[in-house]
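Quick look at what TrEMBL annotates:
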- 14-95: domain 'Cation-transporting P-type ATPase N-terminal' (DOMAIN)
- 68-96: transmembrane segment (TRANSMEM)
- 102-122: transmembrane segment (TRANSMEM)
- 267-287: transmembrane segment (TRANSMEM)
- 299-323: transmembrane segment (TRANSMEM)
- 763-783: transmembrane segment (TRANSMEM)
- 889-911: transmembrane segment (TRANSMEM)
- 1005-1025: transmembrane segment (TRANSMEM)
- 1037-1059: transmembrane segment (TRANSMEM)
Amino acid sequence: MPEAKKDTKKLDIEEHLFTFEQLMTHHKTSFDAAKPMQSKGLDAADAAKRLAEQGPNILSPPKKKLMIWLFIECLFNIFNALLLFCGIAGFIVYGIDPVGNGMVAVYMAIILIVVAFLNALIEFLQLLASEKALAGFMNMIPSKSQVVRNGNLQNLPAPDLVLGDVVFVRMGDKLPADIYVISATDFKVDNSSLTGEAEPQDRMPSNSMQSPLEATNLAFNGTLAVNGEAYGVVIRCGDNTVLGQIAGLTQNEHKAPSPMTIEINNFVATIGTVAITCMVMFFVIALVKTSNVSFSLNFAIGVLVAWVPQGLPATVTMLLTIAAKRMATRQVLVKDLRGVETLGAITLLATDKTGTLTRNQMTATNFWCGLKLYSAAVSSTNLPPGEIPFDFEGSGVSEILHISSLCSRARFDRTDIPIDQRVITGDATESGLFRFASQKLLDIDKLHDMYPKVFEIPFNSENKWAMAIHKKKHAEGPLTLLMKGAPERILRICTTILKDHKAIPMTKEHQDEFTTSYEYMAGKGHRVLAFAQLLLPGGEYPEDFAFTKDPKNYPSTGLTFVGLASLEDPPKHGVREAIGHCREAGIKIMMVTGDHPLTAEAIGRKINLMLSDTKELHAKKTGRQIESISEDEIHAIVIHGEKIDELSEADWDNIFSKEEIIFARTSPKHKLTIVKRAQSLGHIVGVTGDGVNDSPALKKADLGIAMNLSGSDVSKEAASMILLDDNFASTVRGVEEGRLIFANLKKSIQYTVTHTLPEVIPYLLWVIAPLPLMLTSLQILVVDLGFELLAALSYAWEPSESEALMKIPPRMPVNEESIAKLRKRRAEDAEDQGLDVAALHGHDAPEHVPTVGQKVKLFFKQIVSARYWKRKFEKKDGEVLVDGNSLSWAYLEFGAIEFIGCTTCFFAVLYSGTWEDGRQFYITPWDAWKMQSLNTSHFIEGLAPNYTTAHGNTVDSKMQANALAQGQSAYYFGLMIQQCFNMFVCKCKMTLPFGPYMFRNPASFYSVLLGGLFAAFIVYTPGVMSVFSTSGRLSPIYWLIGIGYGVFIIIYSSVRMLIMRCCIEGLQMHPTRLAASS
């Protein structure tokens, strides 16, 4: 890999490795690290010059398309383009022959254009919702900062900062830029939004880490100072800060279309190609046969309108909208409607740890005091070996609770409400200890009044302990020294240990027991603190003794060791169960965190995300060398972020072949790379997260899922979906809902396209046979946008046919065969575009996004290739939205049955229908063909010549027009009735179309009722009849024909399903495959 390319993967920061002198030279600034308040900083003139050269310290707004162009792109997608073409052509047809075509052509044109604009508007609003990813970043940057210039500390707008400025930051401030810390006093920053680390991080002038994100002398733009104060030199501003680079990653990423979007677009493209081909072909045929341009064009438009399912986009959008509203009641807020179905299709879920799997709240877990190991768990059952239930009377327990409360800066925000409702302010670790102590000590609110503090030394990175002296009387005097801190440091200054409520000399055995308990706690990935105290003798330290730091006049050795306490960021409730449900559903769960590998693995094992042994653990258990263990033996892996940049293609394949995966110490760019690599294998990737560092991956993923309560604004804006209750378990409910909506969408689309054949064939027979036109273009529109739309929407409330919806694999599983096929296809795509595969898919280079012109050129290049058509007809991997079964159902089987049924209705009316005076028409199919062959003006009122039927009955112009109107009404009504039966049949993929399941969705019956009323309104309402060429004289007796064919549809479907069950082995054992095949 070229070095330059490799460098683009790393953060562009190297100053953390500089000495003070190198830093001053590099940024041409001046400071005094020993006495930072006396630093000179930059002079005003130099700062102004740098500001002019470097630009302001702000994040650059992303380049955006003009809204009008965005809307135009939506308006001219292939589906809307077809509708617009038909609409414009309708106006042209009317312009050519206003009398012959009448206002019907105008009505049709207006409806088609309105539908196209509505479809475009819906898509446009969806795009706008996903284009707000910068506002959250801007909110993280403070407006003011304190800067040393010309030797003076002054307040300046944060955008005026330049490289080399010396800034002052204290507790409560947001960092205005990336800084190198030159002086610090108890300085801690909250990096959780950038790195995922739950605990505040110490920042100091010294550093031993190579990675800038782990460097202890760097503090980053947008993070919060939670303790102490510091001076630092600005080393990065604006877009070049870590925050700016994350914002850039987020803005530059393009989300791939959802699986459903791709499938629907492919289906529409196929239907559109067929429709246009038929339109052109039959326009030529009509023109040759009639030599009438107006008639031929009108006919061609009718063919096109019949082929295109106008209601499909509206159906899909409304079904997804209804599902999204239902998901909101289950605490899942959907921003991008296509995300509803995508959640059901995901094969891999990459989740952050802090705030997503865990609570981002440090909680006490164990105490070791009096040489006993206590559990802090509420329940005393099923405790691990060696742990005993918490006992307030135990030796050292009360002392640890008092030290946790008194030697701490954690406080309640208020005391007038119950303790469990109070918010604790302060350091996360101190807050965790204080929270536990407040639950055990009854006098927690009075503790500081009972034992006033007389002296304090806060925790600092040199001592690694915090100390406080309180007026707490004991037998030897009025004052007690309390201390907590790093276990090794505390143990080193202790000479006695508390046992049986007495201080006894510390022995080697005691130290060994300390080491065992310490390693046990730390081995679980917990943070461990030690506690000590010293009962100050009253003769040496009277109550009014004045303690000072300099000169030091307080004791710091000879303390009594009280015990240890461990804390963890505990998993959220329900996470373990949710991971189990995901495994049952065939979804691979992967942790991607900025935290330490040991901590990440410990949490992973606690929530059952990782059950198997890693190679290192397996080697330790078996005593084998790591090199001797083959990859086939191992099913779990933990990857450190430092290794990600060096991984080869084979390494990535090996990682994703594992069942249990954890990535630790990852940067935002690493997370993005992981998502891209998983997508390159064909995975439908979901990403959950709550921090700023998660936002690039959230945006790039097929589905980004952010947390509502703990999530940053940036993560929420980058995501497609938000968990309102921050409960990871809500994801499982979302997956179930996504799978259900896919199943229902598939049923709905199968139902919707079934009427295509009964709409297309009448137009073809009109010219080819020729026969009278059985269904007009306007009637086709009120089929597609009328009762069909109502019926299709009823599927939104359709319950699942199977209880095993979450126990079957994803519909597009990833395996070795699918990966090989995908790579071959992508190599072919890259070859077509003249690109490298990596460039095409953005592994190690900016992702290639083709222009509209390039897309069009590529389309025409591919469409004439054999490879394109081979792909169209090759067997698809997994289950797709519109498959061969659906097409056979709609275009060969049930579509043909419905056409025959509608045609029967049509000719039954032409023969036995009656005129106003009661005379019967007696027009047979042969008569209809003869009339249409002799003169295309037949059946047109005012133009049609009289005709004597084979029965000897003479029908004039008005009778012919009325007979046709009644016949078309019967055809229209017959289609509606048969589709009502088809709607119930399409529900059933695993059960026969009768029985209790048919009655579980009341919306089906409402849609039948409303559909019938709508059809009756079109056929029987005066005034409306003239617009849609229907006739109120249609007798309801002809409805029975449609009902009869509807019953036949149910019988045919039942026999078909029974035959397929017998022929396909094990079909009933696999509901999703049955759904694809029945």
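Backbone N, Cα and C atoms are what each Cβ position is placed from, and that goes for glycine too.
Annotations in TrEMBL come from automatic prediction, not curation.
Across the domain 'Cation-transporting P-type ATPase N-terminal' (14-95), the prediction's mean pLDDT works out to 87.
In terms of DSSP secondary structure, the domain 'Cation-transporting P-type ATPase N-terminal' (14-95) contains 52 helix, 1 strand, 29 coil.
Long-range contacts of the transmembrane segment (763-783) within its own chain (CB-CB distance under 8 A, at least 6 residues past either end) are made by residues 90, 104, 107-108, 111-112, 282, 285-286, 289-290, 299, 301-303, 305-306, 310, 755, 902-903, 906, 910, 925, 928-929, 931-933, 936, 938-939, 964, 967-968, 971-972, 975-976, 1018, 1027-1030.
The recorded stretches the transmembrane segment (102-122) and the transmembrane segment (299-323) share 3+ CB pairs below 8 A when only pairs 6 or more apart in sequence are counted, and are therefore in contact. Taking residue pairs at least 6 apart in sequence, the transmembrane segment (889-911) and the transmembrane segment (1037-1059) share three or more C-beta contacts under 8 angstroms. For the transmembrane segment (299-323), the most Cβ-contacting stretch among 267-287, 889-911, 1005-1025 is 267-287 (pairs under 8 Å).
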